[in-house]
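Trainee: The annotation phosphoenolpyruvate binding site is assigned in Swiss-Prot to Lys21, Gly69, Arg97, Gln145, Arg319, Arg364, Lys389. Summarising the annotation, Swiss-Prot assigns 3-phosphoshikimate binding site to Lys21, Ser22, Arg26, Ser143, Ser144, Gln145, Ser171, Asp288, Lys315 and lists sequence analysis as the type of evidence. As annotated by Swiss-Prot, active site, proton acceptor applies to Asp288, with the evidence given as sequence analysis.
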Amino acid sequence: MRYLLSAPSQIKATIQLPASKSISNRALIIHALSKGDDVLSNLSDCDDTQVMIKALTEGNEVIDILAAGTAMRFLTAYLSSTPGIHTITGTERMQQRPIQILVNALRELGAHIEYVRNEGFPPLRIEGRELTGSEITLKGNVSSQYISALLMIGPVLKNGLQLRLTGEIVSRPYINLTLQLMKDFGASASWTSDQSILVDPQPYHCLPFTVESDWSAASYWYQIAALSPQANIELTGLFRHSYQGDSRGAEVFARLGVATEYTETGIRLKKNGTCVERLDEDFVDIPDLAQTFVVTCALLNVPFRFTGLQSLKIKETDRIEALKTEMKKLGYILHDKNDSILSWDGERVEQQACPVIKTYEDHRMAMAFAPAAIHYPTIQIDEPQVVSKSYPGYWNDLRKAGFGIKVGEE
């Protein structure tokens, strides 16, 4: 299936954003480890979170997390530290995504994990047990989800957890998000130095908890505001002092002409008429926003150099290669370096007359390219249903904002 998109001349809309996937998934693991009955409110309705809920509530011996990378990592640690024998698997792409770093770390803590097929990759057979805990050292540039997975089981380890990180730490805001949520549920967990985190063996307390809206989802509406001739967009459920690192996107979009006004119910986006001539930005802390800014800058004719993209190679797809391929269809030649830098210096080629954007089973590819319809009225998005991974209501929300969406020809 493909969607053929058309954009209105001006955007005026009020959008209820989905709940934060990052907070929902962490809260579910922590809540399960607390073994309480209090309610988690406003959980995300995205695929990733629904997979997590199913795994935690049904207790099946074989757990299929489909394409949910967060669930694979968080559940691997959770299942290792709780009694029971399970096999955890996923899609073909999920079985190609490495997990050896996390498995090795869990084995150091005493976990019993076996690879079912290929060494270093899912599926995994896990015999859960009480883990002793110890000091672990990891490179700081590994996926922050590995680090968060280990941290969240820290309070239930017999001796707690001392986690030392070496070198540059990637996605530090996601680590801080995990620590803040752990503290909200009664854990004693904190940085003891710039490179070390201590988690005491102190049980979680179960309590009612409400999940805030998703700043990652908000980024696509900032993008729409930036690309539109006129825009007045209200997004509910977002706050100035957010746990989410992706809230920094508001600061970066301010340089691309989008002003943020905080209201009692959320935020209001308006164009402020000023845009930088070039954007150089480090995305090491906000990698999930990279695709959005690549498309936005190119369409605004703003050359850019984005660094800190090393984690994009092991996401739902190789996002660096995907961006280079799909942006070329729109007439832009991107260059990458060292698997961590992506840039555009203004180089153009002839665009395709009717570009069809491949999404590579990646929700963020679909949502980052859909707003390009504002500049490309013939653009089509292939496999649009992939947005259900994080923002199931995305296409309906675009319709509310005045976008036309038709099923295109294959």
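Even glycines carry a Cβ here, placed using N, Cα and C.
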Trainee: Rounded to a whole number, how many Å is the Cα of Arg319 (phosphoenolpyruvate binding site) away from the Cα of the residue listed as 'active site, proton acceptor'?
Mentor: 10
Trainee: Report the largest Cα to Cα distance, in Å and rounded to a whole number, among the residues Lys21, Gly69, Arg97, Gln145, Arg319, Arg364, Lys389 that the record lists as binding phosphoenolpyruvate.
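Mentor: For the residues that bind phosphoenolpyruvate, the greatest Cα distance is 20 Å.
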Trainee: Run through the Cβ atoms and count how many others sit within 10 Å of the one on Lys21 (phosphoenolpyruvate binding site).
Mentor: 27
Trainee: How many other Cβ atoms sit within 10 Å of the Cβ of Arg26 (3-phosphoshikimate binding site)?
Mentor: 28
Trainee: Please name which of the binding-site residues listed here, Arg26, Gly69, Ser144, Gln145, Ser171, is nearest in space to Asp288 (active site, proton acceptor), Cα against Cα.
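Mentor: Result for Asp288 (active site, proton acceptor): the nearest of the binding-site residues is Ser171.
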Trainee: Measuring CA to CA, name the entry from the binding-site residues Gly69, Gln145, Arg364, Lys389 that ends up nearest Ser171 (3-phosphoshikimate binding site).
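Mentor: Nearest in space to Ser171 (3-phosphoshikimate binding site), counting only the binding-site residues, is Gln145.
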Trainee: Of all the binding-site residues given, namely Gly69, Arg97, Gln145, Arg364, Lys389, which is spatially nearest to Arg26 (3-phosphoshikimate binding site) at the Cα level?
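Mentor: Going through Gly69, Arg97, Gln145, Arg364, Lys389 one by one, the closest to Arg26 (3-phosphoshikimate binding site) is Gln145.
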Trainee: In angstrom units, rounded to an integer, how far apart are the Cα atoms of Gly69 (phosphoenolpyruvate binding site) and Ser144 (3-phosphoshikimate binding site)?
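Mentor: That separation, Cα to Cα, works out to 12 Å.
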Trainee: Looking only at DSSP and grouping its letters into three states, which state does Lys21 (phosphoenolpyruvate binding site) belong to?
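Mentor: For Lys21 (phosphoenolpyruvate binding site) - judged by DSSP and reduced to three states - the answer is helix.
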Trainee: Going by DSSP, give the three-state secondary structure for Gly69 (phosphoenolpyruvate binding site).
Mentor: helix
Trainee: Which is it, of Arg319, Arg364, Lys389: the one of these binding-site residues whose Cβ has the most other Cβ atoms within 10 Å?
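Mentor: By the 10 Å Cβ neighbour count, Arg364 comes out on top.
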